[in-house]
Each structure stands twice: as structure tokens, then as C-alpha cells.
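Trainee: According to Swiss-Prot:
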- Lys46, Arg49, His78, Arg97: isopentenyl diphosphate binding site (BINDING)
- Asp85, Asp91: Mg(2+) 1 binding site (BINDING)
- Asp85, Asp91: Mg(2+) 2 binding site (BINDING)
- Arg96, Lys182, Thr183, Gln220, Lys237: (2E)-geranyl diphosphate binding site (BINDING)
Amino acid sequence: MTNKLTSFLADRKKTIENQLSVYTEKLDMPDSLKKSMLYSLQAGGKRLRPLIVLAVLNAYGKSEKDGIPVGCAVEMIHTYSLIHDDLPCMDDDDLRRGKPTNHKVFGEATAVLAGDGLLTESFKLITSHVSDEVSAEKRLRLVNELISAAGTEGMVGGQVADMEAENRQVTLEELESIHERKTAKLLGFCVIAGAILADAPEEDIETLRTFSSHIGIGFQIRDDILDLEGSEEKIGKRVGSDTTNDKSTYPSLLSLEGAKHKLDVHIKEAKRLIGGLSLQKDLLYELCDLIAARDH
């Protein structure tokens, strides 16, 4: 990473993490529920999703202030999905980001409800915590985009399709369809949300939608690669869990080298799409490289 990207990520990450805690601390709820929600929100992580929202605003030369609550909303949804993914009825993981998973600390029932709370409260950040400069129409568009990305047409539907694909061989087309919904759509929302807040032209938004699909699939391919050759200490969870759970992955379908080539193809296409837009490209190019080369 260049000094520019390192500085950008470090400065904004602190802001995002602080605001996630502030938003949640202010909510009126049972103490046990608040502790469970904060436990997972404060467990670390890349904060890549909110940082993408801010990076797109930055690329258009616009203020990042309204990107913070919108980015935090996405991070809350991402965190809820991790809590639920780790449950015994799903992936049955005991470790997340180097710490015991939420249900191991607070019990399954509280973990489920903490996830429910994070999902529900996330939308309030968009409707009530952005500035008055963001019109009601724009807020509604953001909410609708987020519902499509996180709900049955996106992440939730993708998770079900992923579960149904276990213990059987799927085609590459099926695998990409699963991860387009399970992973790429929520990452894609971050790109689109930044563009909407920046008042980007509709033509740009459609190009960015395709761009986000490529980085989303690329992100998943890198995840699959790390599950084979990553460091458990850096990843913060068990390595090899995809194989243990008999999941189809890009390396299992294409070989490890084939998956790395596929990742390279997606990242190059994402950069090509950005190259045709009238915005500051350097930061987005570097984010593409970060997605392709990350070690956790």
C-alpha cells in the first residue's frame, strides 16, 4: 500500500469505529444485548465496506460526512451477518477475528438477537443520522438499495444458495451467482451509496455497479484462496473450514492457480471500468489492489 492509501484507511477507520460505538451506546436496550452487539462491532476487522463508501465520495471530490453513517449502517449489517454465520446451525465457528464467536460468549439466543438488533438499527443510521443536505428521496433510494443488497435478493438469498450447494459439485456459473448475491451485492452497495451521495451521473452509477460486481467476486475469490494458504493468526479464524464443510470454492473448481488467474481477471476489469470515469482514480485503483492482495 502507498502512504496515501495507508493514511486514508487509518484515519477513516478510527472515525468509523468510534461512530459505531457511539451509535450503539446511545440505544436504549437491555445491557446484555448491548454488550453482545458491541462485542462483535468492536472485535476489529478491516472496515472495508464503510471505507469504500468514503473512497468513492473522495474520488468525486465530495464531503465524506454523510458517508460515515451510511458506511456504519453497512458495517452493522456485515457484523450481524458474521454473528449469524458463526452459529452452530450455520458454519458452527468458534473463532472470529481471533476471539471467541459471539454465541460462545453470550449464548445462541442472545447472539441471534444481537444480529437482529444490528440489522434493524442499521437503517436508522440512513434515515435519521445523515445531514439535512441528503434529501428524503435520496435516503429512500439508499434504503431500497441496501435492502436489495442485504435481503433475499442479495446476501440472505446468497447464503441460502450457498448452504444448498454444500455436499455437491456446482458449476462455475452457479458459484459466481451465489457469491454475486452473498458477497458482491453488499460490497456493491458501498460503491453505489458513495456515488449516490456524491450526486454522480446515472451513467457513472451503472458503470460502478458493474465495477462493484468485479471487486465483490474478486473479494470472494481472495477469501477462498486465503482459506487454503492464509495464516490463521492473521485471518483470525480456522483455515480450511471450506474444505471441512465441503463447500465449492474457486480453487476447488479452477485449482489454486486458476483461482488466482480468475482473481486477476476481475481486478483488471474493475480497473478498466474505473479508467473510463471522470473522477480521481488513484485511491480506487489502490483499493482494487488491496482486495486482490489482502492477507486477512
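Cβ from N, Cα, C; glycine included.
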Trainee: What does the structure give for the C-alpha distance between Asp91 (Mg(2+) 1 binding site) and Arg97 (isopentenyl diphosphate binding site)? Integer Å is fine.
Mentor: 15
Trainee: Taking the recorded isopentenyl diphosphate site as Lys46, Arg49, His78, Arg97, identify the other residues of that chain whose CB atom sits within 8 Å of the mean position of the site's CB atoms, giving them in sequence order.
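Mentor: Output for this site, in sequence order: Gly45, Arg47, Leu48, Glu75, Thr79, Leu82.
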Trainee: Could you measure between Lys182 ((2E)-geranyl diphosphate binding site) and His78 (isopentenyl diphosphate binding site) for me? Cα positions, answer in whole angstrom.
Mentor: 11
Trainee: When a 10 Å sphere is centred on the Cβ of Lys46 (isopentenyl diphosphate binding site), how many other Cβ atoms does it contain?
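Mentor: Here the count is 14.
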Trainee: Roughly how many Å lie between the Cα atoms of Arg96 ((2E)-geranyl diphosphate binding site) and His78 (isopentenyl diphosphate binding site), rounded to a whole value?
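Mentor: Cα-Cα, rounded: 13 Å.
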Trainee: Between the binding-site residues Asp85, Asp91, where is the Cβ count within 10 Å the lowest?
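Mentor: Output over binding-site residues Asp85, Asp91: least Cβ neighbours within 10 Å is Asp85.
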